[in-house]
Amino acid sequence: MNMSGVNTVTEFILLSFPCSRELQLLLFMLFSVSYILTLVGNGAIVCAVKLDRRLHTPMYILLANFSFLEICYINTTVPNMLKNFLSETKTISFPACFLQFYFFFSMGTTETFLLPLMAFDRYLAICRPLHYPTIMSSHLCVNLVVLCWVTAFLCYPVPISFITQLPFCGPNTIDHFVCDPGPLLALSCIPAPGIELSCSILSSLIIFLTFFFILGSYTLVLRAVLHVPSAAGRRKAFSTCGSHLVVVSLFYGTLMVMYISPTSGNPSGIQKIVTLFYSSVTPLVNPLIYTLRNKDMKAALRKMQIWTKISQSE
């Protein structure tokens, strides 16, 4: 493509949440507290699983990896958003914008791969209890987790490389708090329906294939649970799976609103709220969802708290 005579963009302006200076400071404090709580909550789960040998099982290995992923995921957006609340310019360089795009989507894709793996683990534990220890060993579990991470990080380099080749000659204001494909494609000097369609197809395949896998797994789990003779057994199975289903509903519900059609004309305010929900709110509430009804995790967290107090007294 001949770009001679065109002034190309070297940086973008992330508009974030335009409001008065006082409200920006209030938002900064609010999101700072939320960010710290997210790091502490998910970090506590990772440490509890690592320190308590009773939790060295596939179910908790997956949960610890999921919590570690949430820590990584929130770090792709929130630190820069906090910086912008205090900044007058709110600029982000061209390479930094696309790096954020890459890591934000790679982390999100990793989550869409880990959630089905967690659902498959629960399916094996409930529907194939006798074969579960031999099928889902800790070694296989770790290998599957690594596969999720590697595959997710290989999904978006090609689409992103195509978007970086588009001419961006101004304006350079992104009405969002993250470098998102919809607003980025809207800033291109030329229409790119092929790239938009490929992003939409890729997002749709990832979201719907993993979602239907989870749906199928839990359909089989539900059928098996309903045949459990004891009420206590049914309650335990529902308790184990209920927290995961809540997380799946929160995450996939917002994803489907946003990324099936990235430039579908959703108002920018709605885009920001929905993106904020699945990228910041769900990582904050996930530790509560996974620990409130899990006796083993609560016991491990209490033990870790005792260890911390003992080490501090020494």
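Any Cβ shown, glycine's included, is placed from N, Cα and C.
Summarising the annotation, TrEMBL assigns domain 'G-protein coupled receptors family 1 profile' to 41-290. Annotation comment: TrEMBL describes 25-48, 60-78, 98-120, 140-163, 201-225, 237-261, 273-292 as transmembrane segment.
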Six or more residues out from either end of the transmembrane segment (60-78), which same-chain residues have a Cβ under 8 Å from its Cβ atoms? 31, 34-35, 38-39, 41-43, 45-46, 49-50, 100, 103-104, 107-108, 110-111, 114-115, 117-118, 121, 138, 141-142, 145, 177-178, 279-280, 282-283, 286-287, 290, 296-297
In the same chain, who gets a Cβ under 8 Å from the transmembrane segment (140-163) while lying at least 6 residues past its ends? 58, 61-62, 65, 98, 101-102, 105-107, 109-110, 112-114, 117, 121, 181, 184-185, 192, 195, 198-199, 202, 206
